[in-house]
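If you check Swiss-Prot, you get these features:
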DOMAIN    24-140  domain 'MTTase N-terminal'
BINDING   33, 69, 103  [4Fe-4S] cluster 1 binding site
DOMAIN    164-411  domain 'Radical SAM core'
BINDING   178, 182, 185  [4Fe-4S] cluster 2 binding site
DOMAIN    413-476  domain 'TRAM'
């Protein structure tokens, strides 16, 4: 659940710069979290070397891949509908091959290949380098599957091919997997245990992005704050590392500082943070460097200590609130966003009110809110009865959404009259005469184009707002240019 999901990007097909020598066409769609979109860029890079150019036209594809999400039942149902669409096209183009990547691949491998026979290959999140071999199997008329989870794989040696439509912002994966066995979450089972990527490969990827004109990167992982490089391997095995490995290990605040110092004119974001792993040292690094964005995505899921324990969250309500207090003290201009689940098994009205009161305490800038969706294979799915009525879940979720909307207005109004630095990302959807970008706090800002261009850092004085957007007038370029 702890993933930033951009609803506007769901199902976006990845179209990249083509190589003239490539003769085959790849159609790849992504669903779910930012990690899936990042992984699709890795996959496109691997297949580009194997003779594939990307296309946005499904009907002309030789190979169709969908990068899948298992976090909610709704996500899986959406992907199943897409698979039906792919197979309808395949009936008129029988040479087309269809494959499933990502979390559903690991979870439903046998069902897809053997029982329903709706795909030709199934590839888990740690097996993308094996795609050329798996495609060779498919060409020989055999089903192909690799969902083995790795202790080492981070794709640190793959240079992802980037989306050509923006060229300003990019995702940089730094960790894979998760060790926090939350009872509602499939991630540890579909993406494996935590392991971190070698720092120099991260720095090299960012250097490559900088040389190509990118202005902002997001350091990405299921749990970025627990980043720990000690020479490779699972984080849980760090206790067995040598004294030299322990002495030279790099943790997240050290990595964050390395990137901030190495690329002072590049904006740096990171996601996602887990409350128990966000230490004060990280906050001090954020406060020290102006190019580190002042936004923290800090999922809590519930404000009830009893429900947090049922979820196997490794923090209490009080510990979370104390962390919020630290953030406000050390990084006072930071925005904070949340993930929240309504209607977790056994949740009472008092548990729900505890969530509402926590939200009142924090007053989040924005959030990602869901009603509980039982996921097969999770501890909650195996051991807990989904006993909260759907009608009750829906009501509680709406109350959470309504309260978040109120707080978003409150936080947006705090910016009115202030001048904020905005990285121009695109032309506004609502007006071709306006630019749209985000400020350091990850809030969308819209302002008249004038003579500015995409990729500029512009100081904008905020004159009005909605709950999700700030509006203003440009007052000049910022010192980040």
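Any Cβ shown, glycine's included, is placed from N, Cα and C.
Among the listed binding-site residues, namely 103, 185, the Cβ with the most fellow Cβ atoms inside 10 Å is that of 103. Here the CA atom of residue 185 ([4Fe-4S] cluster 2 binding site) lies 13 Å from the CA atom of residue 33 ([4Fe-4S] cluster 1 binding site).
All protein chains considered, the CB of residue 33 ([4Fe-4S] cluster 1 binding site) has 25 other CB atoms within 10 Å.
Between the alpha carbons (Cα) of residue 178 ([4Fe-4S] cluster 2 binding site) and residue 69 ([4Fe-4S] cluster 1 binding site) lies a span of roughly 15 Å.
In the three-state DSSP reading, residue 103 ([4Fe-4S] cluster 1 binding site) counts as helix. Mean per-residue pLDDT, taken over the domain 'TRAM' (413-476), amounts to 97. Around the Cβ of residue 178 ([4Fe-4S] cluster 2 binding site), the number of neighbouring Cβ atoms within 10 Å comes to 24.
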